[in-house]
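For reference, the structure is listed below as structure tokens.
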Amino acid sequence: MHYFGVLAALSVFNIIACLTRGKPLENWKKLPVMEESDAFFHDPGEVEHDTHFDFKSFLENMKTDLLRSLNLSRVPSQVKTKEEPPQFMIDLYNRYTADKSSIPASNIVRSFSTEDVVSLISPEEHSFQKHILLFNISIPRYEEVTRAELRIFISCHKEVGSPSRLEGNMVIYDVLDGDHWENKESTKSLLVSHSIQDCGWEMFEVSSAVKRWVKADKMKTKNKLEVVIESKDLSGFPCGKLDITVTHDTKNLPLLIVFSNDRSNGTKETKVELREMIVHEQESVLNKLGKNDSSSEEEQREEKAIARPRQHSSRSKRSIGANHCRRTSLHVNFKEIGWDSWIIAPKDYEAFECKGGCFFPLTDNVTPTKHAIVQTLVHLQNPKKASKACCVPTKLDAISILYKDDAGVPTLIYNYEGMKVAECGCR
């Protein structure tokens with residue numbers, strides 16, 4: 001992507017981040033740009049000589065905004081981001097993006113791997129396997145856990161002469177107390193008991209355990225699940241040893257998938273702040289109207305000339321139409337801006353942007369507000385009293401995004417709002 005293509009992409013991220021939080025674009029005032037913004041549309045060689053733009057500082061501001069909107073305090077460490085995300089999370093992301101009718105019950109999905117595993121197996125009890133899985137679960141307070149699933153890969157080591165059919169039973173407990181792994185007297189709560197008849201991935205709902213962990217005191221509660229597998233004998237012959245995969249040299253490790261929703265009132269706050277911003281802008285225009293500033297006769301003639309009907313050639317009409325406010329393409333590639341280490345998917349996407357001017361008379365296709373119409377009329381009469389209405393995003397769409405959080409936990413947000421321009425208008 002060209003240098004200024006990256007700059008345009010980052011500009012969109014800054015606007016999007018501020019719109020989704022309902023905040024003014026304060027960072028723009030902090031950027032060390034010494035010339036008018038129009039300079040960026042000149043020849044690239046001229047820009048380098050005529051402006052003093054700190055691209056590194058600009059990129060850092062943009063990254064800070066995006067991290068904050070994803071509830072990240074910093075970019076995850078390289079050690080954690082280098083770990084391959086579970087295939088389940090990638091498949092889940094691909095399913096949601098490919099099939100728009102596939103809507104999850106919750107907007108946020110996290111995948112937690114085991115922090116530690118202790119296997120308690122007695123050599124005498126060939127058909128009986130027991131594992132204690134320790135997880136480190138961290139869910140923000142403003143999120144509500146709606147569902148939790150334990151995904152386990154069942155393996156079967158068949159013996160010679162054993163029947164082809166498999167049969168066994170798996171029981172999962174929530175370990176309520178007990179700091180020692182070998183504490184057989186620890187209190188347990190039965191979560192699920194399920195018959196096993198095949199190898200491969202199995203899913204078990206453990207919502208009650210995870211909800212308890214989230215609400216409990218982390219200093220007193222251990223996020224532990226006890227998994228017990230028992231193989232059954234069929235016609236006097238053991239089917240083999242049923243077990244779960246827990247060794248770290250495989251991709252089939254146990255996964256705890258936690259579904260949650262953001263229950264904060266961020267949307268309500270955004271609407272209130274946006275309304276306050278609109279009122280502030282209206283007051284600003286009215287204050288300017290109350291002053292006795294007057295523009296030059298030449299400026300007034302130029303603005304009024306736009307409103308007068310005149311005969312245009314077909315080429316001129318096409319040129320004017322192309323300059324009106326509209327949505328245009330803007331392709332964003334996360335690798336080119338150095339964010340691909342923690343954003344897993346998408347690698348790139350079409351963000352779109354708004355380009356063009358808001359000329360009098362404002363037509364319905366740019367959905368002008370009453371304020372924009374009044375502002376345009378005031379500018380037409382006296383450009384010094386009010387600026388033109390701006391071509392800006394009036395509707396933003398969401399995308400699905402898969403990234404790693406501060407702790408390196410793969411996190412999928414199904415509807416990450418405000419990442420793609422849907423409509424443009426004059427405001």
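Just so you know, glycine gets a Cβ as well, placed from its N, Cα and C.
Disulfide annotation in Swiss-Prot: Cys358 is bonded to Cys426, selected among Cys239, Cys390, Cys424, Cys426. Between Cys354 and the candidates Cys239, Cys390, Cys424, Swiss-Prot records the disulphide bond with Cys424. Neighbour counts were taken at the CB atom with a 10 A radius for the disulfide-bonded residues Cys358, Cys424, Cys426; the maximum falls on Cys426. Considering only the recorded positions Asn136, Cys325, Cys391, the residues lying within 10 A of Cys354 (disulfide bond) on a C-alpha to C-alpha basis are Cys325, Cys391.
Each of the disulfide-bonded residues Cys325, Cys354, Cys391 was scored by the number of other CB atoms within 10 Å of its CB, and the largest score is that of Cys325. The two recorded residues, Asn136 (N-linked glycosylation site) and Cys358 (disulfide bond), show a Cα separation of 53 Å. With respect to their backbone Cα atoms, Cys358 (disulfide bond) and Cys325 (disulfide bond) stand 6 Å from each other.
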